[in-house]
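*Asks:* The structure that follows is given in the form of structure tokens.
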Amino acid sequence: MPEEPRPRTEESRVPDPSRAADPASGPDTGPDTESPRPEASAVRSDPVISLRGATASLGGRPVLRGVDLSVHRGEVVALLGANGSGKSTAVRSVVGQVPLSGGELTLFGTPGRRFRDWARIGYVPQRTTAASGVPATVREVVSAGRLARRRLAPPRKADRAAVQRALELVGMADRAKDPVGALSGGQHQRVLIARALAGEPELLIMDEPMAGVDLASQEVLAGTLREQVASGTTVLLVLHELGPLEPLIDRAVVLRDGCVVHDGPPPKAVGQHALPGHDHVHPHAAPDAEPIRTGLLT
Amino acid sequence: MLELLTYPFMQRALLAAVLVGITAPAVGIYLVQRRQAIMGDGIGHVALTGVALGFLTGTNPVWTAVVVSALGAVLMELIRWYGKTRGDLALAMLFYGGMAGGVLLINLAPNGSNANLTTYLFGSITTVSRQDVVAISLLAGFVMLITLGLRRQLFAVCQDEEFARVTGLPVRTLNLLLAVTAAVTVTVAMRVVGLLLVSALMVVPVAAAQQATRGFAMTLALAVSIGVVVTLSGTVFSFYKNVPPGASIVVLAIGVFAVITALAAPLAKSRARRAAAAEERCTLRDDVLV
């Protein structure tokens, strides 16, 4: 491979014109970075996640049947598939929560079994609706994301600042003192993402971050993710459908019955998702999409 | 009122009561958060075997109870990990075994009888000895160190165990530490509140506090305050009325729960109504239909 690995923020991001004036979006706002996103094969630098021939079973039923999955530094990879295809199990095995019965896992070049540098990973588990027994404020939950960095030490100024920053990133700073039990599904999801961001991770792993999330929160989440990606964060996320995150996705891996059936550019949207008027901000058809669809069909 | 402070046995009982009032809710909040409120009850049953073992071997029952209940708590934690399907049955066995073992051993002890167990079952203010106070103070110090010093870590583990594991926290160690701490708390509390009612003091102040609070730290602070108030006033009440302190403390705690619930319910209802009204008001209009 003659090409030298380059940090993805330099050349690979498609700058968002709406953020061109935003200093937070990093070095990729210059006019000479307008080059199109390279093919996934061009990003060959050190794999951050590498699963090879991974097999795993849950309750005696094989769920992963030889999955190969690699994510390179700075990439945004979506794991797609129907319910029960094994996509959640795949990410949970990456973070060590489902033991592999075969195959191998490396994280940042270290065998998964020996990996201890968890502060580099921000994990957003699938949101459960089961409320905890004791109330907890938004800030308390987000602060838990900082424990990977400071372990048993008491929080310092930098920790509190990181928590505040994470709350602002997801637009929940004004709800910091509210109990998480009083939040809507989308707001709760934003809190879980803030908790992962509070640790300032290099790699974000998210399990169905858009499930049950209202329109306003979906837009906030897409914006948050765009900023993270612009600053060089690597992302692996499980999605049911690409939705509003589609422009961010470099590569899609589609699972079916525990096997990889597609690994490459995001699959072309079909049906009403492919329509020019469909901007993927809402999973359901917008009222103005209806006339266009009938027009195409006739 | 102050004359009861001149009795040395009352000084010891009140000191023990304060320590119980702090430690029981401080551990209980994590058990409630993990929906394991019943765990304190189980440890209490197992501790009874430890108390009887103390009588049988002639050592201070507080120490034998600490060892036996800590072993029981670790066993319960292991059952929670490994026994997913039969876990509840195994726990029930542990409860019954602890109770039966205690009664069996106490009657095997020379000049031991069920009467010896009664003060441990329901608490007693006159029997807190000087050695008991030393033991209780040391154990309570340990419990406070863990429950307050590691509160952020324990909160993370009890709130979302999977996330805590992925942050690299030593989740298994923390869970075992919490189980042992709960066992130690049971033995701290058994002289004053009694083994059968100790679980109530772990759970009821937390249940009362969370009616009025919005966050974990506030719930912890309020639960400990309620705990101290009810253990102190319950102990004083027992002094004047000559009833077992465990009973008066728990009845008082439930009274506090009822009062806070009655006061907090309308407040929470109006708060929820306001929040719902703000969110449900229509902001979209379907122009196509107009």
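A Cβ is built for glycine as well, from the same backbone N, Cα and C atoms used for every other residue.
Note that TrEMBL annotation is computational and uncurated.
These came from TrEMBL, pasted as-is:
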- B:12-31: transmembrane segment (TRANSMEM)
- B:62-82: transmembrane segment (TRANSMEM)
- B:89-109: transmembrane segment (TRANSMEM)
- B:133-151: transmembrane segment (TRANSMEM)
- B:188-208: transmembrane segment (TRANSMEM)
- B:220-240: transmembrane segment (TRANSMEM)
- B:246-265: transmembrane segment (TRANSMEM)
*Asks:* Please identify the stretch among B:62-82, B:89-109, B:246-265 with the greatest number of Cβ pairs below 8 Å relative to the transmembrane segment (B:133-151).
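*Replies:* When the Cβ pairs under 8 Å are tallied, B:62-82 comes out ahead.
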*Asks:* Would you kindly check B:89-109, B:220-240, B:246-265 and say which stretch has the most C-beta pairs under 8 angstroms to the transmembrane segment (B:12-31)?
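*Replies:* Result: B:220-240.
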*Asks:* Six or more residues beyond either end and a Cβ under 8 Å away: which residues meet both conditions relative to the transmembrane segment (B:220-240)?
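*Replies:* For the transmembrane segment (B:220-240), the nonlocal Cβ contacts are 4, 10, 13-14, 17-18, 20-22, 24-26, 28-29, 125, 151, 192-193, 201, 205-206, 208-210, 212-213, 248-253, 256.
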*Asks:* So if I exclude everything within five residues of the ends of the transmembrane segment (B:246-265), which remaining residues of that chain have a CB under 8 angstroms from its CBs? That is, six or more out.
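*Replies:* Beyond its ends, the transmembrane segment (B:246-265) has Cβ neighbours at 17, 122-123, 192-194, 196-198, 200-201, 204-205, 207-209, 211-212, 226-227, 229-231, 233-235, 237-238.
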*Asks:* Six or more residues out from either end of the transmembrane segment (B:89-109), which same-chain residues have a Cβ under 8 Å from its Cβ atoms?
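*Replies:* Residues 41-42, 45-53, 55-56, 72, 75-76, 79, 83, 116-117 contact the transmembrane segment (B:89-109) from elsewhere in the chain.
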